[in-house]
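The region 'Disordered' annotation in Swiss-Prot covers 1-116. Per Swiss-Prot, region 'Sufficient for nucleolar localization' is recorded for 250-412. For 396-435, the entry in Swiss-Prot reads repeat 'WD 1'. Residues annotated as repeat 'WD 4' in Swiss-Prot: 562-600. Among the features that Swiss-Prot reports, repeat 'WD 5' is placed at 603-642. Taken from Swiss-Prot, the feature repeat 'WD 6' covers 646-685. According to Swiss-Prot, the feature repeat 'WD 7' maps to 701-731.
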Amino acid sequence: MAGACGKHHMSPGSLPGKRRLEPDQEPQIQEPLLLSDPDSSLSDSEESVFSGLEDSGSDTSDEDTEEVARAGCDKDNRTEKTSEEQEQAVPPCPRAEEAGALTRDEYEEDSSDEEDIRNTVGNVPLAWYDDFPHVGYDLDGKRIYKPLRTRDELDQFLDKMDDPDFWRTVQDKMTGSDLRLTDEQVALVHRLQRGQFGDSGFDPYEPAVDFFSGDIMIHPVTNRPADKRSFIPSLVEKEKVSRLVHAIKMGWIKPRRPPDSTPSFYDLWAQEDPNAVLGRHKMHVPAPKLALPGHAESYNPPPEYLPTEEERLAWMQQEPIERKLNFLPQKFPSLRTVPAYGRFIQERFERCLDLYLCPRQRKMRVNVDPEDLIPKLPRPRDLQPFPVCQALVYRGHSDLVRCLSVSPGGQWLASGSDDGTLRLWEVATARCMKTVRVGGVIRSIAWNPNPTICLVAAAMDDAVVLLNPALGDRLLVGSTDQLLETFTPPEEPTLQPAHWLEVSEEERQRGLRLRICHSKPVTQVTWHGRGDYLAVVLSSQGHTQVLIHQLSRRRSQSPFRRSHGQVQCVAFHPTRPFLLVASQRSIRIYHLLRQELTKKLMPNCKWVSSMAVHPAGDNIICGSYDSKLVWFDLDLSTKPYKVLRHHKKALRAVAFHPRYPLFASGSDDGSVIVCHGMVYNDLLQNPLLVPVKVLKGHSLTRDLGVLDVAFHPTQPWVFSSGADGTIRLFS
């Protein structure tokens, strides 16, 4: 009956640890609770359980129910109650809402991350399935095929415009399908982007409870009694003490000694014995090994190693020191017929003398990484701007284009060809503005560097022609003609190495203004930086190979009294009164005011072909016909600072850029190589030379490629003229 009474007072909603019933879950029958004492009422523990599960609002009804139950138990303690009495004794069941509020499901928040995973490939990289049509396997072991991705960018754009959920659609890497994020997931992403916590209910700034405060408490935090072992001596500590006592007795542990304040001086060489074995082995230098025998020492050497009768007689007549071999090679039919070596004892004796008398030296081997020997050069893309591609092609000449020159402003381009014409081009459009027929092969052309003078000098045959191109500003063209017409000839004519002649009216209509006639063909013409002096090179053998003409006074002079070889080209120094003269094997720098030789540069080339001076004036480059480009640093040495062998054939022309740290070279291999040449103001830092681009475009004609190169005065552009009759602009 006690069990029955207990059953009457227990309800499924009020049992401790009972799972809360779900709406679609059937209730289970609860086993009766057995009490140990039939005469006693509910225990304290049961009361505490009921008091914890029931709310305060139902205390009165519960007490009444308990009294009725107790009365029923006391009245009939030995008999069983009928079903009607049981129904009256059982308390009413609480509502579903009250049961849910009182009891909480302990598995409510339990979840598994792998319940919703359809791809069961495991923890393997999905990149393994890149080459397969499927992306994994489902729970049944069937393949999960990748969705067809046939949508292009236009479809994606239409989805982006039409689909309102496009911004919250992501791709599942496990299955390859598109997933739509819920509002909770979007809110979670927004919180994480703002640096907040993922749980919206988490308060990081909730008030802290200072459990262990500074106030002295009356009672301890934990009232656990002390262990029994705390009153007994520790066996572990006893073993440690025993081991320490034994170590002290054995002398393993020694007490600390006070430090000795007296300094100690040691004799570094007191312990060394020169006769000791270790001392001898330290300084031992192994003897050099004997050279291995060669083919000549074989008993059956090849026929070319056997000396002839003349060589044998010559060997016998030589002194022993002069002989290359101290024996004569002999041939024997077999090894058993080889006699004993007659000089064996002598050679052993000489070997012993060498080991005894000749000193030995230990050579320290230095291990050098080959990568450290290669200079660390910057990347070409870090050295921009420089020309990288072909921009324009100037077509019009019918033969070799030997020379070209750019106007000081960079708007016009002049070119000379073997077809006897001088053409003037517009740089921006590649349009031929003017064609002047001079009646001869133009070997060199130079535009006056003075921006206030519109004048071009061209060398053809044995004359230098000065012409006014009449392009650009009309005031500039008129002032140039007026400057040439204001010349008054001297009263007493002087003997000059060249003749200045006025052109005819027909030639004047074509643009020609003056003609300077020489005794030999002219190979080069170049202007001084101010535009008043003109230097020419003649193909003669005497001291008149180089002439200097003055435009304002129409005078010519020969600066040298004797010749130092065949002159190839000349150039004026940009800042100093120097004249640079390049011969076949050397470059000489002359001081024009002092009339003396300043420096002589040795390029170590077979034949110098061209030369250019850096705008700062402290560096020079020269090209040669043996495929070398030589860089000279005048402040460093008279020998080359660096030799570049990038071209495969002869170099025809070299040039510096007036503003940018660039220089270029043209060769017969049809290529133009542009290099970065940075010159620093710090004299302790060497120039930086880095090849940055190889420009190709000219076709080889008569085994000739690029004949001349020139830079644009303001832009990082380079012009090249070739044997194919074209001029190309690279930008």
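Cβ from N, Cα, C; glycine included.
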Quiz item: Helix, strand, coil residue numbers for the repeat 'WD 5' (603-642) per DSSP?
Solution: 0 helix, 18 strand, 22 coil
Quiz item: Mind checking how the repeat 'WD 1' (396-435) divides into helix, strand and coil residues in DSSP?
Solution: 0 helix, 23 strand, 17 coil
Exercise. Count up the helix, strand and coil residues in the repeat 'WD 4' (562-600) according to DSSP, in that order.
Key: 0 helix, 22 strand, 17 coil
